[in-house]
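The Mg(2+) binding site annotation in TrEMBL covers 136, 197. The transmembrane segment annotation in TrEMBL covers 6-22, 42-62, 68-86, 95-112, 118-134, 141-159, 165-185, 192-212, 224-243, 270-290, 296-314.
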């Protein structure tokens, strides 16, 4: 307990100091045509997740194990965080960012340590890079990153404690602490800070790694649905833009959560909690089907189809996204 208390104090102090420095040096998120806010919150508050990773590295190295746990993952995580933070400050070439993303994914793959066919590694790597970028695109309103990632980490932590150990419990604890502290500054009507690329992208790598590791350890592909709500909104929006022949890498406000927050004027925090609770319900169903030895893959397929159809109905029928304005 004392370890977590010290970690919480250090993380809180580091984020508070960063916010003060960011305001002084104008590291802020200036609103534009795709923003869901009309003020200038601090950009890059997700650096607290990086601090949690560094604290974990020190804890594992100087603790009982006497060695650095998850070295390849942490190396990729820190490299990804560094390039993302620089991208928050300056606009870096997309090629450079992609090289670092690829390197981080390769390091995460090495950390997984599984013996798989090369083509399966390639598919997994492409999907993980896609997930990292999708998670970053979904970081657009107050509280959505902290709420959604919090539900995912709590679900993974429950599995790690109750079902099968696949990751150091303290590592998950440090990251949850960072999310709680970040939420204090972000889960507000007027957020003090946003995660920025440094937070969203690095956190996405960790979540993707943990879900893949869990699937490899258990052989249960149904755990992939721990990321379902974000995946459906991200892939659905990309599909919509391809059908409309729009450039998918250009800024937009077409994700369902953005339409709810901007078009329907629903409080950002309500939308964020809605996404989180929907994902929590899905996680509970998946966990129930697995722990009671039901046909979990049937539940997974059913949930995927149900969420996808409801999503399509809301966007096509309710928001009429394919009708010209």
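Glycine is treated like the rest: Cβ placed from N, Cα and C.
Just so you know, TrEMBL annotations are computer predictions that nobody has curated.
Cβ atoms under 8 Å from those of the transmembrane segment (95-112) belong to residues 70-73, 75-77, 79-80, 83-84, 87, 121, 124-125, 128-129, 132-133, 201, 205, 208-209, 212-213, 216 of the same chain, restricted to positions at least 6 beyond its ends. Highest Cβ contact count with the transmembrane segment (192-212) among the listed stretches 42-62, 118-134, 270-290 falls to 42-62 (criterion: pairs under 8 Å).
With pairs at least 6 apart in sequence, the transmembrane segment (296-314) and the transmembrane segment (141-159) have fewer than 3 Cβ pairs within the 8 Å limit; the two do not touch. Among the stretches 6-22, 42-62, 270-290, the one making the largest number of Cβ pairs under 8 Å with the transmembrane segment (165-185) is 42-62. In terms of C-beta pairs under 8 Å, the stretch of 6-22, 42-62, 118-134, 270-290 lying closest in packing to the transmembrane segment (296-314) is 270-290. Distant neighbours of the transmembrane segment (6-22): 28, 42-45, 47-48, 51-52, 55, 59, 174, 177-178, 180-182, 185, 192-193; these residues of the same chain sit at least 6 beyond its ends, with a Cβ under 8 Å from one of its Cβ atoms. In this view, residue 197 (Mg(2+) binding site) is surrounded by 24 other Cβ atoms within 10 Å of its Cβ, with every protein chain counted.
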